[in-house]
Structures are given as C-alpha cells and as structure tokens.
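Engineer: Swiss-Prot feature annotations, pasted as is:
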{"type": "REGION", "residues": "1-121", "note": "region 'Disordered'"}
{"type": "COMPBIAS", "residues": "32-42", "note": "compositional bias 'Basic residues'"}
{"type": "COMPBIAS", "residues": "58-101", "note": "compositional bias 'Basic and acidic residues'"}
{"type": "COMPBIAS", "residues": "104-119", "note": "compositional bias 'Low complexity'"}
{"type": "CROSSLNK", "residues": "125", "note": "SUMO2 cross-link"}
{"type": "CROSSLNK", "residues": "141", "note": "SUMO1 cross-link"}
{"type": "CROSSLNK", "residues": "141", "note": "SUMO2 cross-link"}
{"type": "COILED", "residues": "157-231", "note": "coiled coil"}
{"type": "MOD_RES", "residues": "321", "note": "phosphoserine"}
{"type": "CROSSLNK", "residues": "336", "note": "SUMO2 cross-link"}
{"type": "MOD_RES", "residues": "348", "note": "phosphoserine"}
{"type": "REGION", "residues": "418-504", "note": "region 'Disordered'"}
{"type": "MOD_RES", "residues": "430", "note": "phosphothreonine"}
{"type": "COMPBIAS", "residues": "450-460", "note": "compositional bias 'Acidic residues'"}
{"type": "MOD_RES", "residues": "480", "note": "phosphoserine"}
{"type": "MOD_RES", "residues": "492", "note": "phosphoserine"}
{"type": "COILED", "residues": "494-540", "note": "coiled coil"}
{"type": "CROSSLNK", "residues": "554", "note": "SUMO2 cross-link"}
{"type": "REGION", "residues": "578-610", "note": "region 'Disordered'"}
{"type": "MOD_RES", "residues": "597", "note": "phosphoserine"}
{"type": "MOD_RES", "residues": "602", "note": "phosphoserine"}
{"type": "MOD_RES", "residues": "604", "note": "phosphoserine"}
{"type": "MOD_RES", "residues": "627", "note": "phosphoserine"}
{"type": "CROSSLNK", "residues": "654", "note": "SUMO2 cross-link"}
{"type": "CROSSLNK", "residues": "690", "note": "SUMO2 cross-link"}
{"type": "MOD_RES", "residues": "701", "note": "phosphothreonine"}
{"type": "CROSSLNK", "residues": "705", "note": "SUMO2 cross-link"}
{"type": "CROSSLNK", "residues": "715", "note": "SUMO2 cross-link"}
{"type": "CROSSLNK", "residues": "755", "note": "SUMO2 cross-link"}
{"type": "CROSSLNK", "residues": "764", "note": "SUMO2 cross-link"}
{"type": "MOD_RES", "residues": "767", "note": "phosphoserine"}
{"type": "MOD_RES", "residues": "770", "note": "phosphothreonine"}
{"type": "CROSSLNK", "residues": "781", "note": "SUMO2 cross-link"}
{"type": "CROSSLNK", "residues": "797", "note": "SUMO2 cross-link"}
C-alpha cells in the first residue's frame, strides 16, 4: 500500500515474466490497475490452469480417451478462467471499461487448441463406429489477430496471380479440345473408308448380317401383332387414340375464324403463331386471331407513315364509288377524317376448310373491281373528221317542231288583232340541202317552218287596216311585253314546255311583223303631208341648237358633198364587240332589199330616207344609218354666251368631249325607244351570243395544220422599281412581302443593296481589270512615278537602289 510507483511497476513486470515462464496461457494482464496481491494471484491461477491442461493432454494421449481429456480440459479451463476472472473482480480499486471482444478472443484462444480439435474429431469417429450420434462442434472463427499479437496479411504477388490465371485458361482450352476430339472421333473423315467396301468377303458378310437383323425384326413385329390380336390390345389402343384424336382441337375447328391481318403479310413457308385477340368480358362478337408481333409491326409502320406524311389537298380526287357487289356505296364529305373519327378499318380474311386460306375470294373481288373500272373507261375515241359548215340531217331532226306545237302557235297568232295581210315574203331562201349555219349572225338564217305557215295563213285571211298616219315616229314605237304576252299566255302548259330560245324567237317575229305593218301604213300617206312634214323639219333645223332635242328628226338623213367627205374621213372600222357591227347591218340591208323586191318595188325615195339609204351603188354592202346629230357636223356654231349647255354643245361638236354610246332601256313610251332596225339587230345578237357561248365548249374537230410548227416560248419575268430583272427567288420574296404586308429588315436590305452594287460593278468592269479598277490605278501610278513597278510597303527612299544605308 505504501510502496512507490516505481516499486509497483517492477513488481508487475516480475509477475508477468513469471507467468510467461511457467508456460501458462497467453492471456495478457488486465489493462486496469489492480492491487499487487491480486495480480500475483491471477498470474498464479493462470499458471496452475496451464499445468492442468498440459497434464490432461498427456493423460488423454496415453489412454486414448479423447473425450475424458476434452471434458477435463474444458472443466479445468473453465474453472481456471473463472478463478482468474473472479478473483481480480472482487477487489478492484479502479477499473476501466471492459473490452468484451478482447476477453472473448482471449478465452476462446485459451480453451481451444490443436489437440482438442483432434480429440473431438477422433471422438466423433468412435461414436460413428459405435452407432452413436456425433458431437456437435460450434466452430468459432479465429480472428486474424489481436491488438497485442497482430497477424501479418499475405503478400499479394500480381505476377503469381497472372501466371495462375494463364494456367487456368490453358487447362480450360485443353479440356475443351479433348471434349471436341472425343465428339468428332466417332465421325469418319472423307479419307477414311470402310474396310468392307474394298473387301468382297467382308461386304458379303456384312450384307448377310444386315439381312438377318431385318428378318429378326420382322419376326418380332409379327409376333407382337399376333399377341395383340389374341388379347385384343391393338383394338383398344386404336379406339383410345381415335377418341383422343377426336377430342383434340385440330385445324378443322379453325374454319370460319377471322384473321385480322392482311393476307399479303403472311409469307409462304413462314411459321406464324396466332392467338385470340383480347376483348372485353361483356363484348359480344366472334373470335379474332392476331399475331402480337405483326400488330406491333403494323403500329410501328403506321407511326412512321404518320411522321413523314404531309397534308395533302386533293379537292378533285375521285375515289371508287362502287363496292364489292357493284353497288353504289355512300361517299363521305371528308373521307380523310373517317379514320380518326370512326377508327381504323383493319384488313382481315376468313379461314376456309381445314384452316387454310389461299385468298381466292379476295382475288375474285379484285377482279370484279378491275372489270367494273375498265368498263367505265374506254380508250377508243372517235377519229378526226372535217368540220361541216352546215348541220347534218340527223342534227336537224332535233330542231323540227311537232305538228301539235305548230298548230298551237298558229292559233295564238290568229288571236292577234293587227295582222299584216300585205306582209312581204322573205323569199325562197331555204332549200332541201340547206340545214342552217353553225355561225349564227354571220350569214343567212333559215326562217322556221312555223313562221312560213303563219305568214301564209295571214295572207289568206286579210283584216281591215286602221287609218294611215303620217307620223314618222311610229318607226320608233316600242312594243311592250304586255302586248306580246297575248300570243302565249303565261299560264299555259305549252308555253312552259318551250325553251327560252324559241320564246325569244317568237317574240321577235311578232315584233317584226308589227313593225313591217306600220312601215306599210306609212306608204299610204298623202305625198302632200310628207312634203309639209319635211318642210317643218327643215325649218326646225334652221332654228339652232334648241331644236336638236326634237325626236321627229331622228328618222331623216341629209346628204351633201361636205358631210360625205367628213363621214369618210372620220370612219374607223372596228370589228370587236364594241365596233360598228357592219356585218350585222349588211345582213339586215340584204334582208330589207329582198323584202323590197318581193313587195314589187313600190317603195319611194321618201321611204329610203326613213331608215335605210345607199351611199355608193358600187358598194352595196356599205350602208350607214345616220341620226339627226350627224347632219349638223358643219352647221353654224352655237353661241357660247347663252349658257353652260351651249358651251358643252360647242365642245362636243369640236370633239373636245368624249361621248359614250349608252344602251337605251326599253320603256313604254313610243318616243323613247330605239329604232326598229337597231332593236332587231340587238335582239338577234343576243340570241346568237347565247348559242355561240354554248359552242365555245365544243372544241374543234380538226387540228390546225398551219400551227404544227408553232411552239410558243413563254417566259414570265418580273422587274423591280429600277427595271432590273428579278430572279425567281427575288420575285417570290417580293410577292411574299407584298402579300403579307411586311418587308425585310434594315440589315438584310443593306446587304442586298451591297450585293446589287457589286454585281453592277462586275458588269461595268473591263475584261482586263478588276471591279474596283485596281489595274488602271496601278498603271496610272507607274506612269506618274515612271517606274515599271510599284512599292507595296515601306517608303520609296528605302527601296531606291542608289541609296546605300548602313
């Protein structure tokens, strides 16, 4: 108790050395500080336990009883360990925290050893010989080392590891080669021959042996068949197999099933597994066979097509309007959206007898579609033929009127109050071979048979005429539509059946008859009254510009040398739609001349001045109908100070104002209508225009041989504001900017202008110079310096050969 620390340390070291010298356990003294007396006891207990274990090992090895030795060792080791651990724990002044892992390792190391493990194994062998159950050994893993006695790890040699791996690979390759040789050793090579092929005796022996084996096999088969027939086994087996064969699901049960794939997607010789398509539990319908891989492939192909598909606009695309049974199938308005709204229509076919499908029905349906399609299209066309100027007899049949319709028209004409019994015949213009012209308004036209018969009836049944009138304005009288309505009542069914052209023709014929009747009434006027009327017109013409608006002067024309000369100078022949219509007037003149000749030539000179006149006898076809305004070409100029109307009239006479001929509307008043001749011309042209528009779409029946070598070269060019021709890209950009209402930015515009300037410089440059004229500048510089070269860098003095610098 009263010893110093130095003395206490020497005592502990002596105790540790004594314990180690006695051959006791390798147990280290506790780390905590204990009393000197307890340490000696613990070391003494440890040494006594070691001696007991040594004696028990020797005793067990001598007697051969491992079990008793092991039990004694276990008891002695446990007893010594308890004593060694219990005694120091009773009296401890200061104790540190225990290390459980360290103590367990120390105890296991003390209790286990090579001799004990061998004795347990020998004990188990003896127990096995005696038929007893072997002892269970709880093997405790040895730790690699402790803190006081660490165990060094094995050194890893990479060269040894590599050699070991190479050796393993060589062994595996040798093993694989050996197995391959064993497998291929049974197969004969091409160079090896069977010994019995070359030796005749060996071949005969082998043949006899094979024959014997065949005979034995046949005998065994016959014997087995006889036994089966005797015991009835074969019949039972056949019945059993037949029943199983009938119960099995075979190809005959596949008849009528639908395969939801196109028949072209199955290739010949390829095996495809079809399964039933999934459907809802409550969904009714037949079973459908599908292949999962083909469904995925079709879906992938469709997705690829949808990705690269562009929106198409085909407003005139014609789909097949006939189904498989040659029936008209309904067409949807927007067929391209049917798949999105109603879903995709899958391709399918049905399996036939035996589960086979050859696509015969699909091919038959396709052949029917092809036949129907070919029937609708014919490649045979009518050969070219010469265009006839006149209608053929077959075409004239369509223009003939029935007798019933003719009688009705004649009856309506008889109901007219005023009839022309002195109507001039139009002449024998029709012949059997003349069937009318295709060019309406450009030649003679045939008078319909209805008109001829009506004219004959009117001549046979004359009516008293009203008293004649000497008013020249009757020529300008307009026949209203209400009077024409008397010929054909609007409510009659016959009028509804007639086409528009026939109704217009009948109206014009009726008006023509009445106008001719009024003109014939004018011929019966007294000549004195005509002279007075002419004198009145002359007096009114001399009064001045106020008499210009008199409608009575429209029917008179005055000819003199000056007016004829001015008329010839001012006439400009035009043949367009807005021209003079000289051809139409010539036709009307020709018809009027024939009417005069048929009437006996009783027309007077005064009648010629009413509406028709001949300027030159040599040119009978050049007639001009002048109004009253044409006679005042060289009259006295009106006084301008009378007002604005006088000034405008003066400007109009001098040609300073552009006058446009306006179409006069039809009114009820007789003094506001057009002349009869002009009125008839306009109506005839309206009818002709209607038929000509219809003939525009008939096309030509013969090619223009004069235009065989004509190959038009059409070039569409665009220019900018400066007159420069634009490229297709620039033209498109200009149209796009004009359409969208926005142009390029500032930078793009500047770059484009710079590029245009460079192109202009390239066009202006000389063939021996650059666009900027550098060659010309170089020559000018050389000429100024009088040197055959030019200095690009440095000063001229440094490059001078006469100057020497150091």
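Positions of Cβ are set from backbone N, Cα and C atoms, glycine also.
Tell me about the surroundings of these features in the structure.
Structural biologist: DSSP assigns residue 125 (SUMO2 cross-link) to a helix. Sequence-distant contacts (6 or more apart, same chain, Cβ under 8 Å) of residue 125 (SUMO2 cross-link) do not exist in this structure.
Taking Cβ-Cβ distances under 8 Å and a sequence gap of 6 or more within the same chain, residue 336 (SUMO2 cross-link) has no neighbours at all. According to DSSP, residue 336 (SUMO2 cross-link) sits within a helical segment.
The Cβ of residue 348 (phosphoserine) lies under 8 Å from the Cβ of 258, 259, 260, 261, 288, each of which sits 6+ residues away along the same chain.
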Engineer: Please list, in sequence order, the residues in the chain of residue 755 (SUMO2 cross-link) that are at least six apart in sequence and whose C-beta is under 8 Å away from its C-beta.
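Structural biologist: Sequence-distant Cβ neighbours: none.
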Engineer: Taking Cα-Cα distance, which of the recorded sites 654, 705, 715, 781 are within 10 Å of residue 770 (phosphothreonine)?
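Structural biologist: Matched recorded sites: none.
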Engineer: Rounded to a whole angstrom, what is the C-alpha distance between residue 767 (phosphoserine) and residue 705 (SUMO2 cross-link)?
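Structural biologist: So the Cα of residue 705 (SUMO2 cross-link) lies 49 Å away from that of residue 767 (phosphoserine).
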Engineer: Enumerate same-chain residues with a sequence separation of six or more from residue 764 (SUMO2 cross-link) and a Cβ-Cβ distance below 8 A; give 'none' if the list is empty.
Structural biologist: 771
Engineer: Let me make sure I understand the structure: which of the modified residues listed (767, 770) has the fewest other Cβ atoms within 10 A of its Cβ?
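Structural biologist: Comparing Cβ neighbour counts within 10 Å for the modified residues 767, 770 gives 767.
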Engineer: For each of the recorded sites (705, 715, 781), count the other CB atoms lying within 10 A of its CB, then report the residue with the highest count.
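Structural biologist: The most densely surrounded of these recorded sites is 781.
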Engineer: Residue 654 (SUMO2 cross-link): which of the recorded sites 705, 715, 781 is the nearest Cα neighbour?
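Structural biologist: So, spelling it out, the nearest of the recorded sites is 715.
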Engineer: Around residue 654 (SUMO2 cross-link), how many other C-beta atoms are within 10 angstroms of its C-beta?
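Structural biologist: 9, counting other Cβ atoms within 10 Å of residue 654 (SUMO2 cross-link).
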Engineer: I'm trying to understand the geometry here, so how far is the Cα atom of residue 781 (SUMO2 cross-link) from the Cα atom of residue 715 (SUMO2 cross-link), in Å to the nearest whole number?
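Structural biologist: So the Cα of residue 715 (SUMO2 cross-link) lies 48 Å away from that of residue 781 (SUMO2 cross-link).
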Engineer: Any idea what the Cα distance is from residue 705 (SUMO2 cross-link) over to residue 715 (SUMO2 cross-link), rounded to a whole Å?
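Structural biologist: With the alpha carbons as reference points, the distance is 25 Å.
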